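Notes to accompany the following structure.
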């Protein structure tokens, strides 16, 4: 006999009871503990500081609600308990996210910035769902607190709908560094130094903390996401290299010197380890700042042209190294007591004596202004080589008036002199102070002229110099207003492969400002970029799409970009491109489709919806987010 059928429930029937995992008082107390522990995080990684500040502000606004619940201790209905339990899960997710932004890997947070932003949006969604419809009357919540929470919930609703934004300059810098081979002209180093400053990965302490954070990620991934992990490690090693840190074994134990691998349980006093190599010291010496280092390591640091203490970053009053006999004796006694044999160092090879005397930089700078062309030619060539070698040389060249002298040579009719001169300025522009001196000396119009009419290598290096100078925001506007974009677009169209890459990087940096977006469009950037995308052998599809993404945010530029033919090109890249191609193409299509529904509809006619569904399941994290946003937008169409 079949069981009797149940009558359909009416809207007035009571909801089924909720399984309660803890008492009402314990639930409220746990919520308070979660909020207060989350509020304990005060410092956050630079890329996420704004979102973290917003989240902390909203946690602060939730606190009065929880405190009134604790004080009143009302009996929670099933609906109230369910909503508070949901709020508890949202608050726990918020705490995990804040912790990650507090002490997580800075490189990971920058590389995966869109994924992290998605986590913030998820937390906002959970908090909104829990608070929306909270039965305040049943909970005896005061009108003042109720109004405060409802206002906050309205803000959460707006925030979760807000379009995600990305630090495009940071994104492009990372892309250039990961895709390009080492640039012999120091252009990559300039980008690395800007990244290191932006991510706050310059001091030894910062780099050691980052190494530990990356090890934690590697352990958590357990061999998964190999490509992403390799990118993170590569970037860390590059940052260590420009900071002068000679330690690149990320997978190893940072506190375990190689000479003691056979006794991993032995705890080595931190004072015995060189802050640079993290190995136990055999010849400790004291520098002017009072810090102690292994002689070989600090000597290598000083020989590279550095004049600061690696640990404190303080300028060194002198370069003398004093033996630290007291520490050396302590290390020897500890090794003897623990039966540890110190690693024997190979003696340093004797320095080869150069037959030629060291170049006299003041006389070379004087030669740049000589009346004899041959003297000028030789001086410019040697200044180019010296400016590439070390920070010390660049400082000496600038201090001896080299920058004004080089600017004076930019107008020289000799093509080779132009090439050596502009390349010297490129090398000197690595230093922030020199960027200002080069710009204020009136170099930009002269560099633009070489970009128009110089030799192929001079044009490449002129583009790279404009990119380096454009790292200062005031220079972005100056280069654009002085007509720098048109010759850059011409180099992108007809230059050598390296010239095109230099031009694209400079153009990207320049069109971060709205005025330059229009100037670039007027200069013919759109057809030039389309040719770059079609040239598969060039390998610059991602760079071109990144520029298109910036241009598509400007109404006048979007009018020229937003054609059905371009949408079809984007669809083909979404279907057949590399994972990075797909990410970039999806981002551009999302920007265009948001502002023009007919363009998106046109793309959907080519079977785009099926590809979006695949990418939403199996694409990279950024591609998944963009695909999901496009799917939602398509439903509205």
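Cβ atoms here come from the backbone N, Cα and C positions, even for glycine.
Nobody curates TrEMBL annotations by hand; they come from automatic prediction.
Marked as coiled coil by TrEMBL: 142-198. What TrEMBL records for 1-11 is compositional bias 'Pro residues'. The domain 'U-box' annotation in TrEMBL covers 267-341. Look at TrEMBL and you will find 1-21 tagged as region 'Disordered'. TrEMBL lists 401-443, 442-484 with the feature repeat 'ARM'.
Nonlocal intrachain contacts for the repeat 'ARM' (442-484), taken as residues 6+ away from its ends with a CB within less than 8 angstroms of a stretch CB, comprise 183, 185, 187, 190, 194, 407, 410-411, 415-416, 418-419, 422-423, 425-426, 429-430, 435-436, 490-491, 495-496, 498-499, 502-503, 505-506, 509-510, 512-513, 515-516, 519. Helix, strand and coil residue tallies for the repeat 'ARM' (442-484), in that order: 34 helix, 0 strand, 9 coil [DSSP]. Mapped onto DSSP helix, strand and coil, the domain 'U-box' (267-341) counts 25 helix, 12 strand, 38 coil.
If you take every residue in the coiled coil (142-198) and average the pLDDT, you get 71.
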